[in-house]
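Going by TrEMBL, these are the annotated features:
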TRANSMEM  6-24  transmembrane segment
TRANSMEM  36-59  transmembrane segment
TRANSMEM  140-159  transmembrane segment
TRANSMEM  188-213  transmembrane segment
TRANSMEM  219-239  transmembrane segment
TRANSMEM  275-292  transmembrane segment
TRANSMEM  304-320  transmembrane segment
TRANSMEM  326-342  transmembrane segment
TRANSMEM  349-368  transmembrane segment
TRANSMEM  388-406  transmembrane segment
Amino acid sequence: MNTLLLKIALVVLATIGCLTAGRFRTYLGQLKPPQTYRLLVGAFVLCRIVPFVGIYLVLGLEPRSDVPLFYEAATQALWGDVVYRDFWSPYSPLFSYFTGLPLLVWHDVRMITLQMLVLEGIAWWLTYQLARQTMPARNPTFLAILYLMLPAPLVFAVLGGQEDILMWLFALGSVLVWHRWRNAFWLGVWWAVALLTTKALTLFVVLAVLAWVARPWRYVLGLATVGIPALALTVWLTGEKMLTPLAMGEMRFAPNLWTVAAPLIGDFMAYAGQVSAIGLVAMLLISGFAGWKARQASASYERALPMVWVVVYGSLMLVHKSSFGNYAYIILLPLVLLVIDWQQRRDVVMLLILSAASAIHPTLWWSLNEPIYTRVELIRTPLNVTEYCLGLVMLISVAYFVRKAFQQLVTKRQIPRRRAVLT
């Protein structure tokens, strides 16, 4: 409960800070490099490094959430143990080895959190540069600072050490790969490495790009060049234990459409297999459709990828029964810098709602022993009502941004034509 109160306090203070920063957006939009860069570096240090130092070094608190699990798996990976066979991991086979590398410098659980902060910083900076190139009129300097001040990224990065930002970092890397080679083969190679390093959820954007490229055989060849040897090696080392990450898909989390509808439809876990199948088929269709629409619009890869990303992973938060509030971290960075419009009040309100709700809901849900309300009368205490309402407004805000991103994707005047078609 102390953690929950801390997050509520952070949400209130950070939201006030965001609204206050909005008063300076005109001034921030007028700044030029190198002044802009100095300001952004200072903002990152103030909003990420200073809280890390204060919480983990000065106060001596230990990281929580999934960080101890990452640390344990990374430690075993450093010892040379084989993932899935010798230790448990719900992530892709290279994830534990990747997170283990910084432990060679500082073998401490806090290093995992620091690593995730560094990865977020790199992704944040690259996204800012992408916004400067593709959407300079939307004041990317202000939006970059706004992102740092939002409560949800602050909670997920500093307090949670969440790894989902790595997925978006690989997406940004794919933009660089495309600019360098302009060949779908190398795009396939890159996304295969992403699949091996992050988590199974990366598959959905991989499928979206497959529906997007003009020569899918090149893309599939790139995927296969890396994927088939990696799959063969994993099967040889671990056998059927390589299917361990799929077990996460059988668990239920909240909020998503299934949990929000549970008071009306009853306990959907009674037909969990069908629910999982529906969610998977829906995501495959959504991913393919989003990529196909990007191809139809002749969309430049760097401009349309953020929209496809928000459509795909925003939809995942809605339709997958194992989705929960932390998944907002997957979409928040591209959403803030590349999709929303600060000039539209509704965008601002929905963003603040999504950020506040996703920062608080996971902790509240866990503290209430992971409730799923299969009957209306189960929502009986003030905390239960609060938890359910937070989940509901989170899904409403996510649906709003999925719709907005899709509208931008299919509106041709929104998409620059340079570097148009993926080949």
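Backbone N, Cα and C define each Cβ position, glycine as well.
With a cut-off of 8 Å on Cβ pairs spaced 6 or more residues apart, the transmembrane segment (140-159) and the transmembrane segment (388-406) reach fewer than 3 such pairs and are scored as not touching. Listed as Cβ neighbours of the transmembrane segment (275-292) (distance under 8 Å, sequence separation of 6 or more from its ends, same chain) are residues 204-205, 207-212, 249-250, 258, 268-269, 308, 311-312, 315-316, 319-321, 406, 409. A Cβ distance under 8 Å defines the sequence-distant neighbours of the transmembrane segment (6-24), meaning residues of its chain 6+ beyond its ends; these are 142, 145-146, 149-151, 154-155, 159, 342, 348, 352, 355-356, 359-360, 363.
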